[in-house]
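Asks: What TrEMBL lists as ATP binding site is G239, P240, F241, G242, S243, G244, K245, T246. Here TrEMBL flags 321-350 as domain 'Rhodanese'.
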Amino acid sequence: MSQAEDIESVDQDGVIESVSGPVVTATDLDARMNDVVYVGDEGLMGEVIEIEGNLTTIQVYEETSGVGPGEPVENTGEPLSVDLGPGVLDAIYDGVQRPLDVLEEKMGTAFLDRGVDAPGIDFETEWEFTPTVDVGDTVEAGDIVGEVPETESITHKVMVPPDYEGGEIESIENGAFTVDEVVAELSSGEEITMHQEWPVRQARPADTKETPTVPLVSGQRILDGLFPIAKGGTAAIPGPFGSGKTVTQHQLAKWADADIVVYVGCGERGNEMTEVIEDFPELEDPKTGKPLMSRTCLIANTSNMPVAARESCIYTGITIAEYFRDMGYDVALMADSTSRWAEAMREISSRLEEMPGEEGYPAYLAASLSEFYERAGKFQNINDTEGSVTAIGAVSPPGGDFSEPVTQNTLRIVKTFWALDADLAERRHFPSINWNESYSLYRQQLDPWFRDNVADDWPEVRQWAVDVLDEEDELQEIVQLVGKDALPEDQQLTLEVARYLREAWLQQNAFHDVDTYCDPKKTYRMLLAIKTFNDEAFDALEAGVPVEEITDVDASPRLNRMNTSDEWNEFIDELESELEEQIRSLY
Ligand code: ADP
């Protein structure tokens, strides 16, 4: 978060009138909406959220106990902004972009800070800057002027800030610079440094938002196979306790083919966030062998941190994501959990005594959620690069009840829904994503990509799997009433095929070296093998072979071992020939 360098320029100080949790009112403050203010003797960071005559209402991003009427309030005159530049990756921030390690040093402990300011990026580190334009070249707002090797994995692009006029490059040099040193001068008199500030509530500009047509490949069969998300798409993932939410999110952070991951831990219990903070720095990027953190930025706002900061952490996260998008990267933003953010809005709203909407949430809940998700997308950037922000929001519906307002409002906005299911998790079916309730509205627009890059008949084969699983769902009701043996033989066979789809294809073990990541080609090939079994089995049934004999062939249980097979091409080729041979020998 930006330092209050401009604090001397404050025209007028206000005085605290009342304190109610995170909501503070002040009189005599000359402020505009969304200005950042420093509250009380300790200078706690807050943001103006309402102005009525001489009375200004502020939400404070830090614990306000002990702060009382009569204490001063100072206005910075600046909106809530993030510091952008090299050093954002590999960082762990709190909700207002203060690096946790710096806070820890200053405070001796994390999470117990008040009134401590720390810039979002280090102003002392020197970065090796290499220009990509020459003196005499003309650059416009957003254009890339140079590069910095930020981490082992990511090259940071230094850009003309979007609100600059631009002009001819008058000087630009190779060398080591701190983020605040000038690396280029323009004929307009503007100076370019590696540091940009951007107000978090304002989307960074882009030329056009385009229909996304490339999937964010996750290597998770149920996601890539049945419910794919596009690069630049939106998804919600509701996760009741113990349903495998953490594992799913780790898998996405590790395996999704995004260049950059921004992980926002918003209001989850302290121990869960600590888990993330401790786990992530240890994780390796499985594709490069480099530390996962070298392409990740973590923002941690746990439930023991003040509620108002939950809101800022969401906006901080999406702004950082947009900044890397502007460099031409594909960014995946994961927010866990948007329910805690909504609860924070509810708390602030009730303290403001606003008219409550459904279940006490403010009437603007839907608008706030959609404003957030709308910042996702595939964009043609103003510097002519293409980049994307994919937003994946976890939702924690109390009691797993999807009819509550946060889940419902989220469902109206996002185009992918991965419904984690506590029952499946209990039965140890992982990932416990319910295939009957989940959906993806990107399927059709991604089909051409899958046809070109995986298999020409991908959509048809997937549809076959969907149909079999649907039929199983319908048949289950009858089975529960009369038992499986009462079904006609063809339906019994369908149940057997569906069982293989669930056990051999949809289940995936995140902790198995081979199974943890499944290339889409393997996902397709595995599905095709089950379809081969299906086709052979139905031919045999038509030829009069009893269903038990068909399902008893030696080769079929080996379908369950395709997932862990390293040499899967050979394994599956061989398995298919055996299935054919053994089933055909029955008639
Ligand atoms: P939550 O975060 O929803 O409380 P976790 O993600 O911690 O749940 O998952 C609970 C347990 O379920 C894990 O410790 C693990 O044993 C198991 N599990 C979850 N997902 C998978 C998976 N994809 N593969 C294997 N085991 C899993």
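Every residue, even glycine, has its Cβ placed from backbone N, Cα and C.
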Asks: State the mean pLDDT for the domain 'Rhodanese' (321-350).
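Replies: Here the mean pLDDT over the domain 'Rhodanese' (321-350) amounts to 91.
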Asks: When you measure from each Cβ to the nearest atom of ligand 1, which of the binding-site residues G239, P240, G242, G244 fall under 6 angstroms?
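Replies: Among the binding-site residues listed, those whose Cβ sits under 6 Å from ligand 1 are G239, G242, G244.
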Asks: Quick one: of G239, P240, G242, which of the binding-site residues has the smallest count of other CB atoms within 10 A?
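Replies: Counting other Cβ atoms within 10 Å of each of the binding-site residues G239, P240, G242 gives the minimum at G242.
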Asks: Taking the mean position of the Cβ atoms of G239, P240, F241, G242, S243, G244, K245, T246 as the ATP site, which residues outside that list, in the same chain, have a Cβ no more than 8 Å away, listed in sequence order?
Replies: L420, A422, A425, S432
Asks: Per DSSP, how many helix, strand and coil residues does the domain 'Rhodanese' (321-350) have?
Replies: 19 helix, 7 strand, 4 coil
Asks: Select one residue from S243, T246: among these binding-site residues, choose the one with the most other Cβ atoms within 10 Å of its Cβ.
Replies: S243
Asks: What is the Cβ neighbour count of K245 (ATP binding site) at a 10 Å cut-off, with all protein chains included?
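Replies: For K245 (ATP binding site), the 10 Å Cβ neighbour count is 24.
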Asks: Provide the three-state secondary structure of G242 (ATP binding site) computed with DSSP.
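Replies: Note: G242 (ATP binding site) is coil by DSSP, not helix or strand.
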